[in-house]
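*Asks:* Sharing a structure, written as structure tokens. Questions coming.
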There are 2 protein chains.
Amino acid sequence: MNILIKNVDVIISGSEQNIIRNGNIGIQGDTILFVNAGGNTPPGFNPDKVIDGKNRLAMPGLVNAHTHSSMTLLRNFADDLALEEWLFNRIIPLEAKLGPEDIYWGTMLAIAEMIKSGTTCFADMYLHMDEVARAVLESGIRANISKGPLVSNLRGKPGISVDSEGCMEYFKTWNNQGNGRIKTCVEIHSVYLYDEMSLREAAELAKKLNAGIHIHVLETEAERNNSIRMYGMNPAEACLEFGIFDVPVIAAHCVHLSDSDMEILKSRNVNAVHNPGSNLKLGSGIARVPDMLDRGINVCLGTDGAASNNNLNMFEEMHLAALLHKGVQCNPTLMNAKQVLKMATANGASALGFGDDTGYIDEGMKADIILLDIDKPHLCPVNNPISAVVYSAQGSDVDTVIINGEVVMENRKLLTIDEEKVKYKVKEIAARLSGLR
Amino acid sequence: MNILIKNVDVIISGSEQNIIRNGNIGIQGDTILFVNAGGNTPPGFNPDKVIDGKNRLAMPGLVNAHTHSSMTLLRNFADDLALEEWLFNRIIPLEAKLGPEDIYWGTMLAIAEMIKSGTTCFADMYLHMDEVARAVLESGIRANISKGPLVSNLRGKPGISVDSEGCMEYFKTWNNQGNGRIKTCVEIHSVYLYDEMSLREAAELAKKLNAGIHIHVLETEAERNNSIRMYGMNPAEACLEFGIFDVPVIAAHCVHLSDSDMEILKSRNVNAVHNPGSNLKLGSGIARVPDMLDRGINVCLGTDGAASNNNLNMFEEMHLAALLHKGVQCNPTLMNAKQVLKMATANGASALGFGDDTGYIDEGMKADIILLDIDKPHLCPVNNPISAVVYSAQGSDVDTVIINGEVVMENRKLLTIDEEKVKYKVKEIAARLSGLR
């Protein structure tokens, strides 16, 4: 389908303050054919659909670079608790009760929430990942989904089992499906759940598949101590040593990095995901994001799962990321709005393996575009559109979402997801889980 | 008018986890006549209007305990700058161009934004306060509005002038207007703009008027140093010494309080306003809120002005307040959702002088009630309603707002404000200010 968005203000990217006023965006199939500052559309371009951009702001879709999407099912079940109580006594016992169908509906709810708050691409790591892939395929969203060959005793199973074949099968089945919307990678939950041999084996598998790895790195101080006890090395050093950093890596959290850990990440081009909402809520600490950015590390943004956030709203994560470090370091010039927007778009796209053709709005890029309704008191006067997006906007300001050239939401109505059915199913599951508490 | 809200889940207050499921709320005139857990309405109660509470959550209206409402006009004009550059080179030169009509429209926009994000009461301190009072009166919102007798050289005027008579006149004109929706108090901007004699004079005026004082206290470290240089005392000590703390006080920010400063605040029952968004954004630092709460200080929440936030969304402030201190102190049990909700409701109502009959939902209280639409993916499943409000909700989830028994918003349509006209006027003003930059 050909789509013309006309008379619209456009934030091209966060990488430079490149704003087009009253421009046009032309989309042909899954690709942006042109972006111009108004005037005529190119000869021969016949749109099947015209979207009026009046009072709208177009910008690249947001990239949620680390989540466990179907943890939406556990939203607001347990809050304000110490980490161990929360994880081991509340969350894990509930997770043990989740079957594949539950994961499907939880993921669908997550995707509905993400699209409704402007996220067009996400990275997922959780259970029953075939169901996650199915939900991604059906909903039209873009995603990097991971499958782990390693199963530890975290969830009550003895020892560590390795399922390389299952992982290869997953990769074969899902990688590049959905017209390239799906990329798969290898999940290694963290270094602390396994042992050296299994970690090396998982890293080898990623190399063999030519795939990346999605892993939690240094979320807590305890993680550092455990790793040193287990391996004589902290998690960043262990990842380097065991070959995990030999492939493209999505490293979630990165809260407790030392200077030398940052040097390791930078030297291997590891992508760091900042999850401010979750890190604050769980009391994990505050990642040294300005230091990472100064070193040229590709830092992106994520929500983590809804059980520790408790939503999947990237506007809130941008807001937190922009405010937090200024306050902690008493320096209002840190983490400016452009940097934060870039973290939430181009940096995330790059980390998830979609950086070649998504993350900003330009000719030849895939059409992952969101439109914000800016005709609202809290966005009046707009003045600086990038500041407005990072400091003033809410997720609910997103009015229209286009992913890979397909309109998946228009006037806040989801077009590829039966929202009522999804909410109904999730409420059923939550009622069952409540009964089990 | 008599209003019945039926079949609604109700958060009674943040002070205890007191939730009524599928209850009814009856409103007679400006007052809550009954709240019950379902069943029949009392005999003789004939509602003129019935609101269906299905998929709605009723809760007390939010109280924004410190803002400069018409700074909405300066939203997103200047961000990510050092404080002095921001304030002296960007904001103050623009403020000098603002006339009474500008303030009126800027305040109207602020009130529109606040009502649309669930705020039913606010405390204001700024310029041309008669215009603010006019906007409050017309819009139906509740407010504590301050008028300063002291004018310093901050805005380019020489010396300090004292206008006690103007202040008394303001008090006489506006206090208790709007069926008691308006309370007035004395503004003292801060201790660092004036001298001891004028501060003592302003404090005396407040006593004479039997009024409270709204003042900035220890927003920055520089403020402490300046005060010590000027008075040989820090601002909290100076307030105590000069009689400012002899009356009920709304003390904004309170970022840099020492232990002994907290003892001063506690001993005089000073109300402290936590403004996390603004404090972070301006790099002012992080207030020791858990310590203040431990000492029994009444801490409430505020947005500060939209020029340093950049919105007036109390859901965002609750979210920030609940997350920030957990992360900074690496303790996820701090600032639980109930505490934060109480800060944003009952504590604020008390600080602003409306605590006797607003701040929670109960028989005999004034009807300041908001309804959230909870039938949304990001609020599904709700599980714990108070966690949902503090961690998951957005300002835009507010569907209906009742203030002093009057429905001022229904289905997100403002009923007492011409939203289109307000936005139009503000855009005109902003265009004029842009030209002046």
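Each residue, glycine too, has its Cβ placed from N, Cα and C.
Copying in the features that TrEMBL gives for the protein in this structure:
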type	residues	note
BINDING	B:HIS66, B:HIS68, B:HIS216, B:ASP304	Zn(2+) binding site
BINDING	B:GLU95, B:HIS189, B:GLU219, B:ASP304	substrate binding site
DOMAIN	B:58-408	domain 'Amidohydrolase-related'
*Asks:* Give me the non-local Cβ neighbours of B:ASP304 (Zn(2+) binding site): same chain, 6+ apart in sequence, Cβ-Cβ under 8 Å, ordered along the sequence.
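*Replies:* Long-range Cβ contacts: B:HIS66, B:THR67, B:HIS68, B:ALA252, B:HIS253, B:ASN275, B:GLY277, B:SER278, B:ASN279.
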*Asks:* So among the binding-site residues B:HIS66, B:HIS68, B:HIS216, who's got the most Cβ atoms within 10 Å?
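*Replies:* The most densely surrounded of these binding-site residues is B:HIS66.
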*Asks:* Through the lens of DSSP with three states only, how would you label B:GLU95 (substrate binding site)?
*Replies:* helix
*Asks:* Which one is it: of the binding-site residues B:GLU95, B:GLU219, which Cβ has the fewest other Cβ atoms within 10 Å in this structure?
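*Replies:* Looking at the binding-site residues B:GLU95, B:GLU219, the Cβ with the fewest others within 10 Å is that of B:GLU95.
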*Asks:* Reported as an integer number of Å, what is the Cα distance between B:GLU95 (substrate binding site) and B:HIS216 (Zn(2+) binding site)?
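*Replies:* A Cα-Cα distance of 18 Å.
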*Asks:* Other residues with Cβ within 8 Å of the Cβ centroid of B:HIS66, B:HIS68, B:HIS216, B:ASP304 at the Zn(2+) site?
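*Replies:* Near the Zn(2+) site, the remaining chain residues are B:THR67, B:MET125, B:ALA252, B:HIS253, B:VAL273, B:ASN275, B:SER278, B:GLY302, B:GLY305.
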*Asks:* Give me the mean pLDDT over the domain 'Amidohydrolase-related' (B:58-408), rounded to a whole number.
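*Replies:* Mean per-residue confidence for the domain 'Amidohydrolase-related' (B:58-408): 96 out of 100.
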